[in-house]
Amino acid sequence: MTTATTTTGTILDAQALTKAFAGHSVLHGVDLQVHDGEFISVMGPSGSGKSTLLYNISGMDTMTSGDVSFAGQHLAELSQKQLARLRLTTMGFIFQHVHLLKNLCLLDNVVLPAYLAGLEPRETINERAMGLMERTGVAELAHRDVSEASGGQLQRVGICRALINRPRILFGDEPTGALDSTAASEIMDILGELSAEGTTIMLVTHDAGVAARTNRVLYMVDGRIVGDREQGRYTGEGLDQRHADVARWLLER
Amino acid sequence: MAKGITPRTDSVRSPNALDATTGSPEAGPVPAGRRRQGGDLYRRMVARDFDANRSVTVLLVVLMMLSVLLAVASAGTLVRLTGAAGNLMTQADAPHVVQLHAGDYDQSAVDRWAGERPDVVAQQTMLMLGIDGANLFFDDVPQTTNIQQNALVVPNTERDLLLDLDNQPITDVAPGTIVLPVIYQVEAGLEVGGTVRITAEDGFEKEFTIAGFARDSIMNPAITSSKRLAVSAADLEEVRAHTGSVEHLISFWLADPDAQTGEFEKAYQDSDLPQAGQLVDSAAFRMFTMIGDGLVAAVVILVAVLLLGVGLLCLRFSFLTAAEQDYREIGVLKAIGVAPRDVKRIYLTKYALLAGLASVLGLLGGWALTPLLTRSITRYMGSAPSVGNWLIPILAALVVFAMLVLFVVVLLRRLDKVSAVTALSAGATGRQSSASRLRLHRSRMPVHLRLGIMDVVGRLTTYLLLFLVFVISTFIMIVPVNSATTANALEFINYMGTGAVDLRIDLRYTDDTSADQFARALDRLSADPDAATITPMVTTRNDTVDKDGNTISLYVENGDHALLPPLYAEGRAPTDSSEIALSLLALNQAGRQVGDTLPVEVGGQTRDLSIVGSYQDITNGGKTAKASLTTDADDVMWYMIGVELAPGADPTDKAAEYTDRLAPAKVADIEQWRIQTLGPIAGQIAITAGASAIVAVALAMLMTALFTRMLLARDAGPIAVQRAIGADDSGLRGQYLTRILLVLVGGVIVGTLAANTLGEGLFNLMFEAMFGGFETLGQGTSRIDFAVNPLLAYVALPAALIGAVAAAAVASSRSISATSISTLTTE
């Protein structure tokens, strides 16, 4: 096991973060720093608070107490509107079930966040969206309905949507959880490339194989981070070894 | 492929499904003990469902309640109207046929004729002393502008009774007192203890104290132009010595009025008996009596039927939404083997309970509303206590309830199609919505506006309910308002069989002196520089034939019709003595078309006149004609002079002046004439229009609120997705507002178009039924064009509707903020 090392600046800093639902505590004073360019996976048994952590540090949910600062802004001080704007322009989200809007074609789903942000001409947005779709291999599906693509293809579209506003951080909630192993592997290849290009990524996952491709693994139990493993960047070599290492590390928790 | 979005309601509701397993774990007949247990379970499920969708449930109940309420109120109004009208006629022993006669009268001739006829049960003649408006003062106000022909009478004691406000006969009036028609209490606000003064040219003056008000079974409503004022016999004789014109009301009672009236009337008209005046039968009295309140009831029925339609649509929408939310549970229940019948029972119980609650509340509300709607009926006709007054509204409520439940039963058939496997694997959203053909990335519109439009276009069937509601709301808002503006419009005079003039001078033919009075009046008018155009008309009664070949009488107005043209529905005015124009009703009665010929008896000879035009006339029973025939004095019924005043002359002043100078002719400022003839009906239509506009706006708001909430419940997933990627609440609300307003604008446009086509047709059907009876329905006997107030109908009312709906949409879409993104969480 290696300890966490600071790569560059801290993009996200959570201090004593707690979250309770109807009096039942789900997060117990979590402290977490995420640095620019990190590729983090969060693991843990069901109900350990992984997704809750993700939603609270991204401002989608309101924490019960503690402090989260993102790129220097304290989330607790922002209005709902400001939070929405922050998510829109600086964060990208990938969900297990993708959650595309069914009444839009795939390309429309990709351009939507950029249109909502309204920062660039629509032609520019459309071009970038097509570029992203080409890169993820779904360009030929651009004008199809949501019902006309496979799960793996939809998840690629989901990634394009998450990237359209050039976010500073990409959050993923079990992005490969609903995919078969081939599709999951392809998605992880894309995320690995993005990470290599410098995108900060934080994923929640149950799959040690996914965690093996990230460079930092957090392990949560009962609302607390009980393990934090720095394992260096995955370069495409020795995945089985990394997988075995993560699995062993998890067993030790 | 994504399996859809799982609304949070699922995780909340799944315990229901587990409970259900204990209630009815297997298909087939359920043992009694289990059935009881199952009953408890269903009760619990229904109660939980009420709790989960409280606002939607409340709105649905309100809507169903409103349709029951209006059904009950309109049924109550109709049953009370027919009951009260019938009761009034029975209590008063109203005559079956009445002939008004001005001039010499010989009772023995009538007695002889009636004695020979087996169909006549009784005959009675009443002397009526007509008092000119200039000689009649109510609380010191001269009745010169009152278009009613007021006549003093001594009340009958056996038949054709005047009734007091408790519907008890008034047979005796104390000397020095007077009993006035109830219309003067209602419309003129006169009270018991007030004074009525009668004066005469010779300086005579007699003051009466108002002792009470009377209901008159044959002359009650405003559109019956004669009114009977009851005094003592001594007082009548005293007044008669100084002023007044004598008329006789010759009444007949027949053994079988329904079968014998037509034949009797023909026989009377063919006889030499006195007939200088109108012949009216009980069917006409009944119609005149019931028109105004019948109209109100008709509008309420229309609104009730439309509301019921909306209620059913809404019920369907609510059911589909609930079924969609429960899709997975239905699958679970089926998977564990619960019989489809038992699954359906859960829903049937829920909606039957709601409909039952709504029906009880609606029944109570309808009962409370009925007295308001029937206030005028009660005042004019009293109330006839009967079991039907209670029973019919209850039946109406039961019918609506049965329709609601039956509709749910039909809807429930859909559940049969849900297979356990597809329900479970499809997740919560049973339906797969497809993408809209519109594309976001090709649009320049603001994103939320575009998304709103795309959603409406992509899910047209979903928005159909709301669209229909807006169409109906617009319709029930505009049609009554247009009806009211039409009935109140100056141009409406064109449908009363006459062209627009400033003054209308009427002189009834009483005896040979009448022709001289008419000639004198014409001379005086010709000498008056203020009378710019003078149009004399002489109305004669001529025999003609109806479509079955029977001889019938027709009132023919003779004169130069180019000077005073009504609005011709078809063709033109007659220009010489070989031509005739018929009212639409007369045309229908004759079974002829414009261009045909009509045999008319003129001066003892039958001549074939060519029909050159048709026009709308709602006066004199609506069956009139216009021609330029020779007017033999024997056939003359009345004279009329239309006067167009020179610029600057005041109609009211000139009317007063002519009333003095041209007595005994009645002079009316035409606007006054229209207001007094149609005013009370137009007033009732206006009140109904106001009420239905309020109902329409309330309905639209209610449905918008209901629809928006249901839409938000359905769209919980997509809303959460958009919020997650960074859409803010105001933008999301904008999307929903766009959807509602888009549908609203479409609905308002279609509703307005429908109001001006279908609505106008409906209005004309109403007039056809009113003036021609049901047999002329749809025969085109009424062709009134709506006199639309564009500012009101096309700007103010739609703007009010749009404003109200937008407010309702904004208020209801606030709950968008409650949609949590955590819906999307996998944990």
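Including glycine, each Cβ sits where the backbone N, Cα and C put it.
TrEMBL does not curate its annotations; it predicts them automatically.
Keep in mind it's a predicted model, so treat the numbers as computed, not measured.
Record features, source TrEMBL:
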type	residues	note
REGION	B:1-36	region 'Disordered'
COMPBIAS	B:8-24	compositional bias 'Polar residues'
TRANSMEM	B:58-79	transmembrane segment
TRANSMEM	B:295-315	transmembrane segment
DOMAIN	B:302-415	domain 'ABC3 transporter permease C-terminal'
TRANSMEM	B:351-370	transmembrane segment
TRANSMEM	B:390-412	transmembrane segment
TRANSMEM	B:460-481	transmembrane segment
TRANSMEM	B:685-707	transmembrane segment
DOMAIN	B:693-817	domain 'ABC3 transporter permease C-terminal'
TRANSMEM	B:740-758	transmembrane segment
TRANSMEM	B:791-811	transmembrane segment
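Tertiary proximity for the transmembrane segment (B:740-758) is limited to same-chain residues at least six positions away from its ends with a CB under 8 Å from its CB atoms, namely 452-453, 456, 463, 466-475, 477-479, 482, 700, 704, 707-708, 786, 788, 793-794, 798, 801-802, 805-806, 809. The recorded stretches the transmembrane segment (B:58-79) and the transmembrane segment (B:390-412) share 3+ CB pairs below 8 A when only pairs 6 or more apart in sequence are counted, and are therefore in contact.
Only pairs six or more apart in sequence are counted, and the transmembrane segment (B:390-412) with the transmembrane segment (B:351-370) gives three or more Cβ pairs under 8 Å, enough to call it a contact. Here the transmembrane segment (B:295-315) does not lie next to the transmembrane segment (B:791-811) in space: the count of CB pairs under 8 Å, restricted to residues six or more apart, is fewer than 3.
With a threshold of 8 Å between CB atoms, the same-chain residues lying at least 6 positions outside the transmembrane segment (B:685-707) that come near it are 55-56, 59-60, 62-63, 66, 70, 295-296, 299-300, 303, 307, 310, 314, 317-318, 465-466, 469-470, 472-474, 476-477, 480-481, 483-484, 487-488, 740, 744, 797, 800-801, 804-805, 807-809, 811-812. Counting residues per DSSP class in helix, strand and coil order gives 103 helix, 0 strand, 11 coil for the domain 'ABC3 transporter permease C-terminal' (B:302-415).
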